[in-house]
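Undergrad: Dumping what TrEMBL says about this protein:
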- THR126, ALA127: substrate binding site (BINDING)
- HIS164: active site, proton acceptor (ACT_SITE)
Amino acid sequence: MTEQVIVDEGFLTFGHSPDPDDAFMFYGFHAGGVCVELEESSRVRRWQVRHELQDIQTLNERALRGELEITAISAHAYPHVADRYWVMRTGVSMGDGYGPIVVAREPLALSDLRGKRIGIPGKMTTAALVYQILAPEHEAVPVFFDQMQEAVRTGQVDAGVIIHEGQLTYQAEGLHAVADLGVLWKRETGLPLPLGLDVVRKDLGPEVASAATRALQASIRYARKHHRAAMDYALEYGRGLDDALGDRFVDMYVNDWTLDMGEAGQRALRLLLDRGAERGLVPKVGDLVFV
């Protein structure tokens with residue numbers, strides 16, 4: 001039996017955000033020796049993984065230019081990059097009955113926000129898209145996600161849509177929940193809410209793209225198997241979260257959906273993008289291809 005030759009193909013660049021859930025997913029690449037491998041008849045092609053950590057808005061913009069071979073993006077951004085990238089089945093951040101939270105300085109109903117100034121955490125974030133689909137007419141005010149609570153507290157906006165760890169800390173900051181967009185989406189559709197995706201550039205070809213998906217799945221499995229060490233690594237990006245809140249946040253967004261979004265997750269993404277297109281919020285996407 002002929003021994004397969006290992007062919008070093010260099011590096012593939014993965015872009016992801018400096019957030020604890022993304023850091024947890026990539027722990028297998030960081031510490032577990034996971035790499036991208038493609039087995040062929042007489043050889044194994046191998047790529048090491050190089051990380052580029054940037055905020056999600058920057059990653060969305062870089063995906064528009066096709067700069068990164070594999071990257072995290074907002075689900076909202078995908079229609080704008082569908083000509084360049086396929087959706088990976090793995091790496092999705094899915095809120096199953098929870099998601100971005102609309103907060104205000106005082107108890108309010110969502111209907112009270114009609115015509116009000118609403119802080120959104122970036123025009124291309126999925127939180128902004130879902131709010132526009134589910135909520136009443138409003139004036140959208142872009143606010144950096146880590147400045148949202150302050151903008152609400154000081155009255156710069158009447159309410160704000162909070163994401164990331166702010167979903168777990170807003171009450172301690174004296175703010176009130178108006179609505180959880182993940183709850184509203186689940187109630188209306190019966191499906192989870194796709195928030196973030198990983199995508200792979202089409203010019204790599206379907207075989208390499210599938211190998212990258214398998215590698216990311218292996219990295220996530222490694223992190224789940226070595227949970228405590230992976231959490232310690234993830235909390236380096238926790239922006240002040242303690243261990244308990246960090247564990248809770250990662251468990252919210254790194255779960256079975258993240259390993260493989262499955263048929264229900266794919267339906268959820270199609271529905272979200274179709275709803276956005278029907279309202280003229282995103283370009284219409286044809287058939288979604290998942291690798």
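Each Cβ is built from the backbone N, Cα and C atoms, and glycine gets one as well.
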Undergrad: Hey, which of the recorded positions ALA127, HIS164 is the loneliest by Cβ count within 10 Å?
TA: HIS164
Undergrad: In sequence order, which same-chain residues at least six apart have a C-beta under 8 angstroms from THR126 (substrate binding site)?
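TA: Listed in sequence order, they are SER74, ALA75, HIS76, PRO100, LEU193, PRO194, LEU195, GLY196, LEU272.
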Undergrad: Taking DSSP as the reference, which of helix, strand or coil describes HIS164 (active site, proton acceptor)?
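TA: In three-state terms, HIS164 (active site, proton acceptor) counts as coil.
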Undergrad: State the three-class DSSP label for THR126 (substrate binding site), counting H, G and I as helix, E and B as strand, and everything else as coil.
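TA: Note: THR126 (substrate binding site) is helical by DSSP.
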